[in-house]
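**Student:** Residues annotated as domain 'Glutamine amidotransferase type-1' in Swiss-Prot: 9-198. Look at Swiss-Prot and you will find Cys86 tagged as active site, nucleophile. Annotation comment: Swiss-Prot describes His172, Glu174 as active site. Residues or ranges marked as domain 'GMPS ATP-PPase' in Swiss-Prot: 199-388. Swiss-Prot lists Ser226, Gly227, Gly228, Val229, Asp230, Ser231, Ser232 with the feature ATP binding site.
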Amino acid sequence: MEMAFEQELILVLDFGSQYNQLITRRIREMGVYSELHDHEISIEEIKKMNPKGIILSGGPNSVYEEGSFTVDPEIFNLGVPVMGICYGMQLMTKLLGGSVERANEREYGKAVIKAETHSLFTKLPEEQTVWMSHSDKVINLPEGFNVIAHSPSCKYAAIENPERNLYGVQFHPEVRHSEYGNDLLRNFIREICKCTGEWTMENFIEIEIEKIREKVGDRKVICAMSGGVDSSVVAVLIHKAIGDQLTCIFVDHGLLRKGEGDMVMKQFGEGFNMNIIRVDAKERFMSKLAGVSDPEQKRKIIGNEFVYLFDEEAAKLKDADFLAQGTLYTDIIESGTKTAQTIKSHHNVGGLPEDMQFELIEPVNTLFKDEVRALGIELGIPEHLVWRQPFPGPGLGIRVLGEITEEKLEIVRESDAILREVIAEEGLERDIWQYFTVLPDIRSVGVMGDYRTYDYTVGVRAVTSIDGMTSDFARIDWEVLQKVSSRIVNEVDHVNRVVYDITSKPPSTIEWE
C-alpha cells in the first residue's frame with residue numbers, strides 16, 4: 001500500500017507563490033496525492049519520495065536577481081516530468097540555458113492565449129482565457145524547447161521539451177480565472193505523468209494508521225482536544241490506530257463555545273469509547289491572560305499554557321511521549337515558511353515552547369479543511385459533528401478583541417450560540433463555510449426603551465470558501481441577518497449594536513485576530 005501511494009505522488013516545489021497550495025489542492029481534487037515542499041529539497045530526498053511528476057510553483061522573485069530562489073538543476077535529469085508555473089517556468093528556462101529579463105510592463109489579470117491543441121493543451125480550445133501575474137518574461141528558449149502557446153503580449157505563454165518531458169506555462173492554471181486551468185493540470189498529471197488518480201480518504205487512513213503505529217510503537221500519545229473538528233478527527237484517527245495507548249486531554253480553558261465541554265465528553269468519551277480527561281483550567285488561563293490585549297501575545301500565552309498543562313498531565317499519566325495536534329496545511333502556510341511572510345502565528349504552529357518535552361504527531365497537516373471533513377466521515381464520525389463550525393485552538397480568546405474578561409466571553413458565547421441557532425433554523429449550515437461572532441473592543445451609544453445605553457457592538461462574520469485559503473463574505477438574506485441582530489440585542493446583556501463583516505480574504509483573514 002505504501003509503495004503504491006508513493007508512486008502516485010506529485011511533488012510541488014514552493015518558490016513563494018500565494019497560489020502554491022492551490023496547486024496542491026487542485027491536484028488532489030483529481031484523486032492524485034500531492035505534497036508541497038521547500039525549493040531547497042535535495043535531489044536525494046526527491047529520489048526517495050519517488051514522485052510521478054514535479055511542479056515548480058510561481059513566486060515573487062526575479063530569476064536574475066542575486067539571492068533569488070533556485071533549485072538543483074539535476075531535477076531536470078531525473079527522468080520525471082517537470083512543469084514550471086510562472087517563476088517556475090522562468091527558472092527552468094534560465095537553468096537550462098535560456099534567457100529571462102524584465103518585461104516592459106507587468107502583466108497581471110486575465111489574458112487570452114492561443115495554444116497548440118496537443119501536449120498540455122490536448123482536447124482544449126485553441127483560444128482560452130488564463131490568469132497572468134508576472135513582471136519578467138522569457139526572451140530566448142533553451143535548446144530543445146518549443147512554443148505551444150502565446151498571447152499578444154507574451155510570446156512564450158507556454159513551452160515544452162517533449163523529449164525530456166519538461167513543460168512551462170507563464171500563467172496560473174491553478175487559479176479559477178484560468179478557464180481551462182484544471183484541464184491543463186489534468187493533462188499534465190494524467191496524460192504526461194501517467195497518474196491513475198486513485199488517492200482517496202480510505203487509503204489515506206490506511207497509510208496514516210501505519211505511520212502512526214510505526215512511529216509510536218508501544219508508547220503512549222496525548223491528544224489535545226479543543227472541541228473543534230480538526231482535533232476531534234485527529235483523536236478518532238489515532239484512536240483507530242493505537243486504541244488505549246491514546247489519552248485525550250480536553251482542556252476546558254474557559255474560552256469554549258456554549259455547551260462545548262459537555263458535548264465533547266458525551267460524543268467522544270461515551271460515543272467512541274475514548275479515554276478523555278477533562279481539565280478545568282479556567283482560572284489558570286484567565287489569570288495568565290489578565291491585562292493582555294495584543295493578539296499575538298494572547299495566542300502565545302494560550303499555546304504555551306496548553307503545552308505546560310500537558311506536561312503536568314503527562315507526569316501524572318507517565319510514559320506519554322507524543323502530543324497529537326489537529327494542524328492543517330493552511331495553518332502551516334499562514335504561519336510563514338522560508339518563502340512566505342508570517343500572516344499570524346498559528347496556535348498549532350507558532351505557540352509551542354522550545355522546551356516542550358513531547359514529540360509531535362500531526363496526521364492531518366497535509367490536508368485542507370474540506371479533506372479533514374471527508375476524513376471524519378470516512379472514520380465514522382456523525383455528519384453533524386464533522387460539519388460543526390471550525391473552532392480555533394485559542395477559542396473565544398481570539399474572538400474577544402483586546403483584553404479578555406468573563407463578561408466579554410459571555411457576550412461572545414451567547415451571541416455565537418444565537419447565530420448558530422438561526423443559521424441552523426434557516427438550513428444554511430452547508431451553504432456557509434464558517435460563521436461566528438466577535439466582540440470588538442468598542443462601545444457605542446444606543447437607546448433601549450426610554451433609556452440611553454452605552455454598550456458593546458457584536459460583529460457577525462460569515463464566509464463562503466472551498467479550502468480556507470481564500471474566502472468571500474456570505475450573501476445572507478437580510479431578513480436572516482435581521483433575525484440574528486434582533487435576537488442578539490434582545491437576548492444578550494450589554495449589547496446594543498450588531499454589525500456584519502463584508503470583507504473577503506484577502507485582504508482580511510477569516511478570524512479577526
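Cβ from N, Cα, C; glycine included.
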**Student:** Averaged over the domain 'GMPS ATP-PPase' (199-388), what pLDDT does the prediction give?
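**Tutor:** Mean pLDDT, the domain 'GMPS ATP-PPase' (199-388): 84.
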**Student:** Would you list, in sequence order, the recorded positions among His172, Glu174, Asp230 whose CA lies within 10 Å of the CA of the residue listed as 'active site, nucleophile'?
**Tutor:** His172
**Student:** What count of other C-beta atoms do you get within 10 angstroms of the C-beta of Cys86 (active site, nucleophile), across all chains shown?
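**Tutor:** Cys86 (active site, nucleophile): 24 neighbouring Cβ atoms within 10 Å.
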**Student:** Which ones in the same chain are close to Gly228 (ATP binding site), with CB under 8 Å and 6+ residues apart in sequence?
**Tutor:** Gly326, Arg388, Pro390, Phe391, Pro392, Gly393
**Student:** Can you tell me how many other Cβ atoms are located within 10 Å of the Cβ belonging to Asp230 (ATP binding site)?
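**Tutor:** Neighbour count, Cβ to Cβ under the 10 Å cut-off: 25.
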**Student:** For the recorded ATP site formed by Ser226, Gly227, Gly228, Val229, Asp230, Ser231, Ser232, name the remaining residues of the chain with Cβ within 8 Å of the site's Cβ center, in chain order.
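**Tutor:** Neighbours within 8 Å of the Cβ centroid, excluding Ser226, Gly227, Gly228, Val229, Asp230, Ser231, Ser232: Met225, Val233, Val234, Gly326, Phe391.
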**Student:** If I restrict to non-local contacts, at least six residues apart, and a C-beta distance under 8 angstroms, what lies near His172 (active site) in its own chain?
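**Tutor:** Correct list: Tyr19, Gly58, Ile85, Cys86, Val130, Trp131, Met132, Ser133, Ser178, Gly181.
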**Student:** Under 8 Å Cβ-Cβ from Val229 (ATP binding site), six or more apart in the same chain: what's there?
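**Tutor:** For Val229 (ATP binding site), the qualifying residues are Gly326, Lys369, Val372, Arg373, Gly376, Leu385, Val386, Arg388, Pro390, Phe391.
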**Student:** Starting from the Cβ of Ser232 (ATP binding site), draw a 10 Å sphere and report how many other Cβ atoms land inside it.
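**Tutor:** Ser232 (ATP binding site) is surrounded by 27 other Cβ atoms within 10 Å.
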**Student:** Where Ser226 (ATP binding site) and Glu174 (active site) are concerned, what is their Cα separation in Å, rounded?
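**Tutor:** Checking the Cα atoms of Ser226 (ATP binding site) and Glu174 (active site) gives a distance of 33 Å.
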**Student:** Can you tell which of Ser226, Gly227 has the least company, meaning the fewest other C-beta atoms within 10 angstroms of its C-beta, among these binding-site residues?
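**Tutor:** Across Ser226, Gly227, these binding-site residues, the one with fewest Cβ atoms within 10 Å is Gly227.
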**Student:** Out of the binding-site residues listed (Gly227, Asp230, Ser231, Ser232), which are within 10 Å of Glu174 (active site), Cα to Cα?
**Tutor:** none
